[in-house]
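Asks: Sharing a structure with you now.
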Amino acid sequence: MSALFGNYGKRRAQIVKGQGTVVEDAKGKKYLDFTSGIAVVSLGHAHPAIVKAVQQQSEKLWHISNLFEIPGQETVAQKLVADTHFTYAFFCNSGAEANEAAIKLARKHTGKNHIITFEKSFHGRTFGAMSATGQGKVHNGFGPLVDKFTILPFNNVESLEATVDDTVAAIMLEMIQGEGGVNSVTPEFAASLAKACAEKGILLIVDEVQTGIGRTGTRFAYEQTVLKPHIVTLAKGLGSGFPIGGMLGTAELYDTFGPGTHGTTFGGNPLAMSVAETVLDHVFAPDFLHNVQDLSAYFIKQLKANLPTTYTVQGQGLLLGIGCGDTEVASYIKEAEEKGLLLVGAGPNVIRLLPPLTVSKAEIEEAIAILKSILR
Ligand SMILES: *Cc1c(COP(=O)(O)O)cnc(C)c1O
């Protein structure tokens, strides 16, 4: 009998090691990992530069706490805000924690507690982040939720215009809803968000926990829109497998988070920072991001050329989805795994494709061949 809570449902293959895009299970069977541990292992498994960073820093200092200055935090913060309109960074340990920080910052800065979020969004499992999440299945049984989130239909300009008023502290959303079905923000909706925030003095929080750090082919996904968020939150890809979260904010927010207002014991520890620095040195290099854009264009072209037109291809960069209409995708995901391709769903009807950003065209071709054999 297992000594674990059953909150994760039935587990799948037992993966014991990995190299790049390829992982191996306990029986020695190899798989192409097109989940990247849910958009996390962006440089691929066991990337030599990350292994080296962990080895070198772990021999020096793992943890000292935020009682002390941690030079790595300054280095990573500078790399994250360079050539952006952001000025400051805060580090924590997960996506939910980054969103908690954002919600707290927005409340304290504006003195208001009304935050607009959207249906099918996902912001995490802690009380604030869960309350912000627009999916009933995430809330069920855990009420009462935190006040006061108004959850509106995604990409719906009319409902947004009808709801924004002087009570609203912030609007929070993903540029591509990752868990909720790989739904991208439309240009019309982005324009309407920009207008609403400017006219009503509302803070814009973009949850880039899944889309950030190169996943969509640019450093941050908001860069492909007209939006200039006041706050972005980060996690998944920032540590390429090492647990880390982060929040970036504009200069005007600085005074709100003064000494003692917010914090975490583990956040931004030297080991995490050495990994994040290595990740950013790789991913933020222009050639690397151009290559992600190239791979994405190739992947999308191959998907469209090889799958029946009843399937839709969604998303940007290497956060792609195959929309399967009303068909449930669980059995496709199982079949792919049997054939050596690891996939993850996005809601019940969309297959999510999240290879490492270092995936090769040959690996994309192998994945396409497996997908083609399943999605006839
Ligand atoms: C995964 C995810 C989160 C939650 O991150 P955790 O590290 O699991 O807390 C929040 N927002 C988005 C968009 C995510 O994809």
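Keep in mind that glycine also has a Cβ here, set from the backbone N, Cα and C atoms.
Sharing the record's features from TrEMBL:
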BINDING   Gly95, Ala96, Phe122, Asp207, Glu208, Val209, Gln210, Thr265  pyridoxal 5'-phosphate binding site
BINDING   Arg125, Thr264  N(2)-acetyl-L-ornithine binding site
MOD_RES   Lys236  N6-(pyridoxal phosphate)lysine
Asks: Would you identify the secondary structure of Thr265 (pyridoxal 5'-phosphate binding site) according to DSSP, in three states?
Replies: coil
Asks: What is the total of other Cβ atoms whose distance to the Cβ of Glu208 (pyridoxal 5'-phosphate binding site) is within 10 Å?
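Replies: The answer is 31 other Cβ atoms.
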Asks: Find, for the listed recorded positions Arg125, Lys236, the residue with the lowest Cβ contact count at a 10 Å cut-off, counting only other Cβ atoms.
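Replies: Candidates: the recorded positions Arg125, Lys236. Fewest Cβ atoms within 10 Å: Arg125.
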Asks: What is the number of other Cβ atoms found within 10 Å of the Cβ of Ala96 (pyridoxal 5'-phosphate binding site)?
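Replies: Counting Cβ neighbours of Ala96 (pyridoxal 5'-phosphate binding site) within 10 Å gives 24.
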Asks: For Asp207 (pyridoxal 5'-phosphate binding site), what is the secondary structure state per DSSP, taken as helix, strand or coil?
Replies: strand
Asks: Spatially speaking, which of the recorded positions Arg125, Lys236, Thr264 is closest to Ala96 (pyridoxal 5'-phosphate binding site)? Use C-alpha to C-alpha, please.
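Replies: Checked the recorded positions Arg125, Lys236, Thr264; minimum Cα distance to Ala96 (pyridoxal 5'-phosphate binding site) goes to Arg125.
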Asks: For the binding-site residues Gln210, Thr265, work out the Cβ neighbour count at 10 Å and name the residue with the minimum.
Replies: Thr265
Asks: Measuring Cα to Cα, how far is Val209 (pyridoxal 5'-phosphate binding site) from Arg125 (N(2)-acetyl-L-ornithine binding site) in Å?
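Replies: Cα of Val209 (pyridoxal 5'-phosphate binding site) to Cα of Arg125 (N(2)-acetyl-L-ornithine binding site) measures 13 Å after rounding.
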Asks: Using the residue listed as 'N6-(pyridoxal phosphate)lysine' as the reference point, find which of the binding-site residues Arg125, Asp207, Gln210 has the shortest Cα-to-Cα distance to it.
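Replies: So, spelling it out, the nearest of the binding-site residues is Gln210.
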Asks: If one measures from the C-alpha of Glu208 (pyridoxal 5'-phosphate binding site) to the C-alpha of Arg125 (N(2)-acetyl-L-ornithine binding site), what distance in angstrom results, rounded to a whole number?
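Replies: Given the Cα positions, Glu208 (pyridoxal 5'-phosphate binding site) is 16 Å from Arg125 (N(2)-acetyl-L-ornithine binding site).
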Asks: Measuring Cβ to any atom of ligand 1 with a strict under-6 Å cutoff, which of the binding-site residues Gly95, Asp207, Val209, Gln210, Thr264 qualify?
Replies: Gly95, Asp207, Val209, Gln210
Asks: Just to verify a number: CA distance, Thr265 (pyridoxal 5'-phosphate binding site) to Arg125 (N(2)-acetyl-L-ornithine binding site), in angstrom, no decimals.
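Replies: With distance taken Cα to Cα, Arg125 (N(2)-acetyl-L-ornithine binding site) is 19 Å from Thr265 (pyridoxal 5'-phosphate binding site).
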Asks: Using Cβ-Cβ distances, find the residues under 8 Å from Gly95 (pyridoxal 5'-phosphate binding site) that belong to the same chain and are at least 6 apart in sequence, listing them in sequence order.
Replies: His123, Gly124, Ala129, Asp207, Val209, Gln210, Thr233, Leu234, Ala235, Lys236, Gly245
Asks: Starting from the Cβ of Thr264 (N(2)-acetyl-L-ornithine binding site), draw a 10 Å sphere and report how many other Cβ atoms land inside it.
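Replies: Taking all protein chains shown, Thr264 (N(2)-acetyl-L-ornithine binding site) has 18 Cβ neighbours within 10 Å.
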Asks: What are the sequence-distant neighbours of Phe122 (pyridoxal 5'-phosphate binding site), meaning same chain, six or more residues apart, C-beta distance under 8 angstroms?
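Replies: Result: Thr133, Gln135, Val138, Glu174, Gln177, Gly178, Glu179, Gly180.
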